[in-house]
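Following: one structure in structure tokens, then a few remarks.
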Amino acid sequence: MGFDVGKVELHCEKNNTAHKTNDISVNRLIVRRGQSFLVTFELHGPSRPTTDFLELKVETGPQPSEALGTRSVFGLPEGCGKGSSWKSKVHQGSVFLAGSITLDITSPADAPVGEYRLSVKTSATASVGSSLGKLLLLFNPWCKEDWVHLPEEEERQEYVMREQGLVYKGSDKYISSMAWNFGQFEDDIVDICLKLLDVNPKCLSDPAKDFSARCNPIYVSRVVSAMINANDDRGVLMGRWDGRYDGGMSPTYWNGSVEVLRRWLKNGSNPVKYGQCWVFAAVMCTVLRCLGIPCRVVSNFQSAHDTDKNLTIDYFFSAYGVRPKQSPDSVWNYHVWVEAWMRRPDLSAGSLYDGWQVVDPTPQEKSTDVYCCGPAPVKAILQGHVDLKYDVPFVFAEVNADRVTWMVFADGSKKNIFTDSVSVGQNISTKAVGSDKRVDITANYKHAEGAEKERAVYNQAVKRVNIPEENSNGIHNGKPGVSMKIVELTKPVSGKDIDLKLVLNSNDSETRTLVINVNVQAMRYTGIPSSQIQTELKELKLLPNQDLTIPIHIPFSVYGEKMPESNSIKVSAVVTDKDKSEAVYITEKDLVPESPSLTIKAIGSELQYSDMTAEVVFENPLSEGLRNCFITVTGSGLLTETMEARMPLLKQGQQLRVKMPFTPYRPGPKKLVAGFNCDQFRDIKASCNVYIKPVTGVVPPLRR
């Protein structure tokens with residue numbers, strides 16, 4: 001005999017709250033795997049749960065099957081569906097006399113994530129069951145059996161639940177942060193994330209196999225890495241690094257992932273234009289956190305891009321000081337990727353490679369014929385175990401490649417003049433747990449530069465990727481006859497001239513006649529020159545044991561027009577001994593000019609629903625007018641939409657002071673953010689903190 005079932009209650013709000021998915025929705029069932037949830041059946045008649053029949057079925061994807069883990073049948077009496085991966089038992093709170101029965105249903109901790117169809121049969125002879133609706137199943141960092149289990153609750157709150165974060169940019173000497181809204185719990189984002197999985201090429205070619213493989217966070221993270229970029233699939237973002245953003249938005253426009261993902265869906269799964277590394281990484285962080293995989297955004301400064309997989313970055317200089325573009329290798333001022341937390345039983349029977357894994361959605365190099373990267377165990381990178389999957393050699397080079405400098409002569413020959421084993425991989429940074437502090441995690445990736453252990457790991461990595469040592473390590477030159485360095489005389493500020501000096505010193509007894517080439521180039525953050533700024537050639541004598549100082553003056557009138565689409569300025573000096581042509585010396589310095597001052601402050605009582613004013617001030621630092629100026633002001637909980645003020649021309653020395661009224665509508669700590677743009681300057685930003693005190697018994701005014 002079967003249960004006489006009437007109404008069915010899925011307890012969406014109660015279940016979702018218990019599974020920490022109520023921030024997504026309380027109107028649909030969203031649960032995490034390996035953790036029980038409740039379903040109540042109202043009964044029309046008496047029941048005997050030890051004998052009466054009630055069969056539940058869950059299915060996901062096309063052609064579901066028990067063998068693939070995409071179908072499971074289970075129910076009452078207990079033992080029904082013996083061998084099923086999903087389990088059910090009568091909940092202790094069931095009240096049979098009141099005519100209802102409540103089941104505790106538990107999915108396996110390795111069930112595929114995604115949308116399931118849930119149905120019920122109350123008769124063993126019935127051919128089909130009745131639909132109970134759908135449920136969404138996510139990864140579960142709170143479940144010890146789940147491969148993404150994260151032990152510390154404080155870290156789960158940061159790496160799964162937190163919807164805002166910081167992304168670090170700039171250079172190793174000029175690190176700055178920008179706020180980012182991940183927004184993984186906006187109610188439509190989970191559906192967009194599942195859509196992203198459904199249109200990935202592996203799913204399109206073999207959907208049954210793909211849905212089954214979604215049990216594995218290693219597989220899912222790799223698919224997401226490929227699908228965030230649009231290079232070889234219907235991915236979310238199209239990358240562009242040449243400064244031309246026609247038909248889309250500059251990568252610096254984005255402040256959060258939600259608008260990017262929604263545009264992708266609205267565009268019919270066609271890519272959003274445009275992204276660069278921090279946008280790719282931040283959007284991937286949103287998708288992984290939404291699916292339940294703990295993750296964080298990580299920035300690596302002086303990040304190597306090793307195209308030929310020899311763990312070295314080759315730089316070529318000509319005798320006149322300019323870098324020819326023969327080498328596809330480069331060192332980026334910074335590069336941003338994601339670390340995702342998961343076990344790696346595919347690599348070790350123990351926990352040797354469990355924990356943080358690098359997954360990088362920026363399309364740099366192909367991995368098994370697809371533009372994706374990772375998951376690469378951070379522990380394997382630290383130990384130089386570059387023969388492990390996925391893409392460990394590439395990430396190892398990003399943080400620990402050697403930089404080999406070559407001099408290219410007129411006849412095409414080249415000479416290795418210096419190998420730098422220290423500068424790549426600096427200040428690897430991520431946001432702290434529970435605060436906005438920057439945490440340096442470089443020690444997770446490599447041993448201290450200069451330590452014997454660091455060189456031993458590097459040499460082991462070289463052997464593991466089967467590179468002949470004489471072709472990979474270069475020549476570590478001894479103490480040169482001439483030492484040289486570039487020194488800042490003033491702090492570089494955009495809008496002002498830059499003054500430096502080149503200091504040379506000879507440590508021997510000879511007077512040297514030196515040919516000195518000083519070259520200045522505007523650089524993109526990817527380490528690629530965008531334009532030539534200036535070059536200077538001198539021939540001077542260097543006396544024994546004396547300093548020779550050469551001033552370097554870079555007028556804003558010369559470099560300013562080159563900078564709107566560039567991140568930094570590279571000053572390099574190539575010095576040759578006129579009497580010893582084989583003696584070549586090189587030094588470089590990267591400059592990131594500080595933006596002109598922009599200030600914002602909040603004026604008023606800082607009380608919820610009270611009128612306040614944001615005051616923004618900017619003064620033109622140039623000896624010419626600034627054209628097409630506009631200021632934007634935003635602030636979550638303070639302004640419901642971005643406010644904007646425009647000014648066609650800001651004259652020399654003129655101050656722009658803008659006051660914008662607003663009414664804060666949510667209490668607590670908030671942040672006002674202002675942006676200034678014009679033809680000469682781009683993306684100057686400022687912010688101020690505001691703490692809004694709550695009020696009670698007040699009718700909220702109309703927001704503006």
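Placement of Cβ uses the backbone N, Cα and C atoms for every residue, glycine included.
What TrEMBL annotates here:
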DOMAIN    269-363  domain 'Transglutaminase-like'
ACT_SITE  C277  active site
ACT_SITE  H335  active site
ACT_SITE  D360  active site
BINDING   N400, D402, E449, E454  Ca(2+) binding site
Secondary structure tally of the domain 'Transglutaminase-like' (269-363) (DSSP, helix then strand then coil): 15 helix, 40 strand, 40 coil
Candidates D360, D402, E449: member of the recorded positions with the richest Cβ shell (10 Å): D360
Neighbouring active-site residues, C-alpha within 10 angstroms of E449 (Ca(2+) binding site) - of C277, H335, D360: none
Arithmetic mean of per-residue pLDDT over the domain 'Transglutaminase-like' (269-363): 90
Sparsest-packed of the listed recorded positions (C277, H335, N400, E454) - C-beta count within 10 angstroms: E454
Between H335 (active site) and E454 (Ca(2+) binding site): CA-CA distance (Å): 22
Cα distance (Å, whole number) from H335 (active site) to C277 (active site): 6
Between D360 (active site) and H335 (active site): CA-CA distance (Å): 10
Cα-Cα distance linking N400 (Ca(2+) binding site) and D360 (active site), given in Å to the nearest integer: 17
